[in-house]
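Shown next, in structure tokens, is the structure this report addresses.
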Amino acid sequence: MGDMANSSIEFHPKPQQQREVPHVGGFGCTLAELRSLMELRGAEALQKIQEAYGDVSGLCRRLKTSPTEGLADNTNDLEKRRQIYGQNFIPPKQPKTFLQLVWEALQDVTLIILEVAAIVSLGLSFYAPPGEESEACGNVSGGAEDEGEAEAGWIEGAAILLSVICVVLVTAFNDWSKEKQFRGLQSRIEQEQKFTVIRNGQLLQVPVAALVVGDIAQVKYGDLLPADGVLIQGNDLKIDESSLTGESDHVRKSADKDPMLLSGTHVMEGSGRMVVTAVGVNSQTGIIFTLLGAGGEEEEKKDKKGKQQDGAMESSQTKAKKQDGAVAMEMQPLKSAEGGEMEEREKKKANVPKKEKSVLQGKLTKLAVQIGKAGLVMSAITVIILVLYFVIETFVVDGRVWLAECTPVYVQYFVKFFIIGVTVLVVAVPEGLPLAVTISLAYSVKKMMKDNNLVRHLDACETMGNATAICSDKTGTLTTNRMTVVQSYLGDTHYKEIPAPSALTPKILDLLVHAISINSAYTTKILPPEKEGALPRQVGNKTECALLGFILDLKRDFQPVREQIPEDQLYKVYTFNSVRKSMSTVIRMPDGGFRLFSKGASEILLKKCTNILNSNGELRGFRPRDRDDMVKKIIEPMACDGLRTICIAYRDFSAIQEPDWDNENEVVGDLTCIAVVGIEDPVRPEVPEAIRKCQRAGITVRMVTGDNINTARAIAAKCGIIQPGEDFLCLEGKEFNRRIRNEKGEIEQERLDKVWPKLRVLARSSPTDKHTLVKGIIDSTTGEQRQVVAVTGDGTNDGPALKKADVGFAMGIAGTDVAKEASDIILTDDNFTSIVKAVMWGRNVYDSISKFLQFQLTVNVVAVIVAFTGACITQDSPLKAVQMLWVNLIMDTFASLALATEPPTESLLLRKPYGRDKPLISRTMMKNILGHAVYQLTIIFTLLFVGELFFDIDSGRNAPLHSPPSEHYTIIFNTFVMMQLFNEINARKIHGERNVFDGIFSNPIFCTIVLGTFGIQIVIVQFGGKPFSCSPLSTEQWLWCLFVGVGELVWGQVIATIPTSQLKCLKEAGHGPGKDEMTDEELAEGEEEIDHAERELRRGQILWFRGLNRIQTQMEVVSTFKRSGSFQGAVRRRSSVLSQLHDVTNLSTPTHIRVVKAFRSSLYEGLEKPESKSCIHNFMATPEFLINDYTHNIPLIDDTDVDENEERLRAPPPPPPNQNNNAIDSGIYLTTHATKSATSSAFSSRPGSPLHSMETSL
């Protein structure tokens, strides 16, 4: 210790063993000493603690804290600790400045083209050839221009430049506000993170950022450790340290062998208490974080140089593969200095379960690329036609010769043609689409927070709208999670109510009180109500709270028992987990013997009982026949009432021979049953209605629970998941596995496809069963469309299922940190109704995007045709470049804001899910787009060719190069904008509804934007002048423009009258690429194609997925870092790391190890994002939670994760009606079809079948 102290801080004298030396703040150890201590592991660390502090209690004394009482909750003391030892917080790197965002916006290819064209146009406008040369060059423009007009030629170029500046500023502001929004979301996620500490002897939940050195923290199963610490007392504690050490095996921690607990690691089993020794940048995780960021500047420069040198092809080949696959497009890699990094990722990619890209993202990607290509082709054709027309007319028809002095004049024309071509491109590309997606998602996420949905992955919000199946937990989600004991079996008597204490013998009562008080987490308590008349507060595990409440109902108290036998005197604890389904605690008796108390699921624990207490409290033999009688007469009736049954038992061991405590099967056996209690967990009153809504919306709800089959069936019936007369399956985990596995024990998809369509309840299930079910439903090919599955989970071992599902919901109250980390959405109230709201918001996002597409594509179709046709016929576009920038970039931005903020309505839940293959642009929408385009084109071409006669004004066609704005073309522009404004109102409805004004005043943003856009248009037309190529219009002309605009609403009614079913010729657009449509190679090629489109087309096209993934990109960095070794450990383990990398393909669970150098640059790049981790414990918010880090302890039953695109055989016809004794018999059996559709059209009527679901046809 002295060596380390001297090497770390030279001015400190070498401390003597166990001798306190006063340090800064009066504490007995320095920050450097604690940092040095936390670098050690195992026996080395124990020796250091003994040499320097004597033991852990000595360390606590040095830190002026009590191992049992914790810190005094004194503000001054806490602040002093933060000043000396640091805060549990890593300062984030400053977000990009507004100027940096402006510079990014300027990198857009289309804008650069416009800038160049504008500058060239500006330069040439100042060149005027002599008069005689001008005559020799010819007046190919169709008219002469006077001197004043020629002098004003610079205005067009300047106006385009000004418009580009406006667009850049708007884009930069949008990016800035978006980043600000994401920072707010990140801040919200941070605030949700709390940890349990002891202060003043009281258990408190404090934000992780409020932890200080010296805090006594409670550690329990499922926690993500927020700081470094030393274990004071632990019960069967196992930690997953793979995020720091790369070791995939769980590490057993104990106060006498390895007490070192590190931040960022997961508690996979057990519980305990630790003293916090390092926080923030001084913790092991924080040290690595800081070191990785330190060299970021240099690495960033290297990256920039590398990016300049790399070609587009090379950069596209080094795409980083997102490991949860939930993003639409593969993002650019966060480059590392190590070439092997990429290869290692590629090797691992096949082993990591991937979610498919989100439905909307996949469709938008395809649509954006298609539109972009069409725009490029149209603009190229336009330029070619204009140039050929000019060349043929000038040099062939007029027979002129190219004179050197005429070159600037001709170039001026070519520049004009080029600008027109760029205008067509600008018009074709839906610039507002990415913004509409971002706004819609951001708006929905913000509103969903109020509906108790904390969205961690933005795309999950939209994916939820397509959900076809929800696999829900029971406890706390469908039920209130306020449990109470309502029935019990004690002393050979079945009590339907709480028995009077006098009815029980003292021995039974004492044993019961001790068994419950001691064999429960000491952090679980019943506290007095906060308000008079309210219910007592339940703190901790709800099942244990119910048992403690049972003691209080028997007029006894658990607290004196716990004070008599404190937690640190417990001899051995077998903590609860999903495999054991029980908890056991061993205490030493006064005579030197031992007593074991055990509680757990009644069917499991009763099998281990060989005795039972009779009415006198005496032991009586408990034979298998007795157990069967008890199951039939006691447990099944309780379960049929919807009660959870818990058995409480004990066993005594003599002092003569101490058993082998590690042999759990031997120890927890030969038990004596004290009692069986029935615990009621009432169904939430709002849940049955929520499930009815789901069923109406075409979503099948399945309950997956660890409870008894009878309990689960009773609760499912109360919730409405199963109904009388419906053919369904209720299976236990064992029966489920028997049905889906072959003789070799392997899962067969065909077998699974026979089970899941009818399955409604899966009882006595393990987390592995849940993962198998979710994977089986997702991989199934029995239907026309791939199922979109949502799953709820709260336990550490639910991680695989949460990650595998399309949308994973974690419980905000009861959920572990690991479950939250693996999820997409956190239910802050643990309520199923919040999931229904998420469905509604998801569908609303989909509709909002479709509304905007309907509006945007109408604008695009009309503008492209007008610009293309007008340019080819009149050699000039009726809609000028500046006007197009206004319409397409600014006005559409407002439209995206207006249409993307429409609030959801209950009617969204009255239709079936869209499904993965349902196009973004339905036939009804295509009818609307083309119908309105026909109206608008008819009006515009009429105005273009005969408008001057109708209004008795000069024609604007074939005007000279720099002629002043004409009233003719201004009327065309104004009419075009008015039609778009009123069509924006039409676009609010996309399913053929007639009342387009329905609910319009419930969206003030929409009303404000429509009126605001109208006001700006008035200003542009009346005062825009030459910059906007506008001439002021008279009142009469304005009224005509408005009249034509209002005609859009009337025309919309005409279009709504035409039945879509009659228009067979209409095609749909924006289909999502199906999972079975493409091979892996084709998918890879598609990604390459998208990457090229990224470079060729306007940045706006890919802004939508950049917005969706902005948080995920940063989280990827944290995930990469999590799989790294500590800075010191990385050096020590370098050789073992390399050997493991060679063997990685041979491991069923790859060990994720990274050398620090490999991601200095990537981590630093992530840190400059505004949503960078402001606290190192934001791992809860990390989207990249790798199942592989712990999957080996939850063995996956098959290995089909490797290839998700593998062709699967169609399932044979469904089996005959269920004969399993776990199923409820039904007089009416509904036929399950081999192919199903997620849309309502798939359901045909069948007499005598009053019920329906996604798996049954009516």
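Note: Cβ is positioned from N, Cα and C throughout, glycine not excepted.
Residues or ranges marked as topological domain 'Cytoplasmic' by Swiss-Prot: 1-97 (among others). Taken as a whole, the topological domain 'Cytoplasmic' (1-97) shows an average pLDDT of 73 in this prediction.
What Swiss-Prot records for 1-19 is compositional bias 'Polar residues'.
Per Swiss-Prot, phosphoserine is recorded for Ser8 (among others).
Swiss-Prot lists 98-118 (among others) with the feature transmembrane segment, giving sequence analysis as the kind of evidence.
According to Swiss-Prot, the topological domain 'Extracellular' annotation covers 119-155 (among others).
As annotated by Swiss-Prot, transmembrane segment applies to 156-176 (among others).
Sequence annotations record features per position, and here Swiss-Prot assigns topological domain 'Cytoplasmic' to 177-364 (among others) based on sequence analysis.
The compositional bias 'Basic and acidic residues' feature in Swiss-Prot is assigned to 299-308 (among others).
As annotated by Swiss-Prot, compositional bias 'Basic and acidic residues' applies to 342-354 (among others).
Under the heading transmembrane segment, Swiss-Prot lists 365-384 (among others), citing sequence analysis as support.
Taken through DSSP, the topological domain 'Extracellular' (385-417) splits into 27 helix, 0 strand, 6 coil. Annotation comment: Swiss-Prot describes 385-417 (among others) as topological domain 'Extracellular'.
Here Swiss-Prot flags 418-435 (among others) as transmembrane segment.
Among the features that Swiss-Prot reports, topological domain 'Cytoplasmic' is placed at 436-849 (among others), with the record citing sequence analysis.
Listed in sequence order, Pro767, Lys770, Val791, Ala810, Ala819, Ala822 are the same-chain residues six or more apart from Asp798 (Mg(2+) binding site) with CB atoms under 8 A from its CB. In this structure, Asp798 (Mg(2+) binding site) is part of a helix by DSSP. Taken from Swiss-Prot, the feature Mg(2+) binding site covers Asp794, Asp798, and the record attributes it to similarity to another entry.
The transmembrane segment annotation in Swiss-Prot covers 850-869 (among others) and rests on sequence analysis.
Within the chain carrying the topological domain 'Extracellular' (870-879), a Cβ under 8 angstroms from the stretch's Cβ atoms is held by residues 141-142, 382, 385-386, 389-390, 416-417, 420, 423-424, 427, 863, 887, 940, 944, 956-959, 969, 972-973, 976, all 6 or more beyond its ends. According to Swiss-Prot, the topological domain 'Extracellular' annotation covers 870-879 (among others), on the basis of sequence analysis.
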Helix, strand and coil counts within the topological domain 'Extracellular' (870-879) (DSSP): 5 helix, 0 strand, 5 coil
Secondary structure content, the topological domain 'Extracellular' (1025-1034) (per DSSP, counts of residues): 3 helix, 0 strand, 7 coil
For the transmembrane segment (962-983): best-contacting stretch of 880-900, 1003-1024, 1035-1056, by Cβ pairs under 8 Å: 1035-1056
Other parts of the chain folded back onto the transmembrane segment (1003-1024), taken as Cβ under 8 Å at six or more residues beyond its ends: 886, 891, 894-895, 897-899, 901-903, 970, 973-974, 977-978, 981, 984-985, 988, 1030, 1032-1033
The topological domain 'Cytoplasmic' (984-1002), counted residue by residue under DSSP: helix, strand, coil: 6 helix, 0 strand, 13 coil
In the chain carrying Asp794 (Mg(2+) binding site), residues 6 or more apart in sequence that have Cβ under 8 angstroms from it: Asp473, Gly476, Ala810, Met811, Ala814, Gly815, Thr816, Ala819, Asp830
Counts by DSSP class (helix H/G/I, strand E/B, coil) across the topological domain 'Cytoplasmic' (901-920): 5 helix, 0 strand, 15 coil
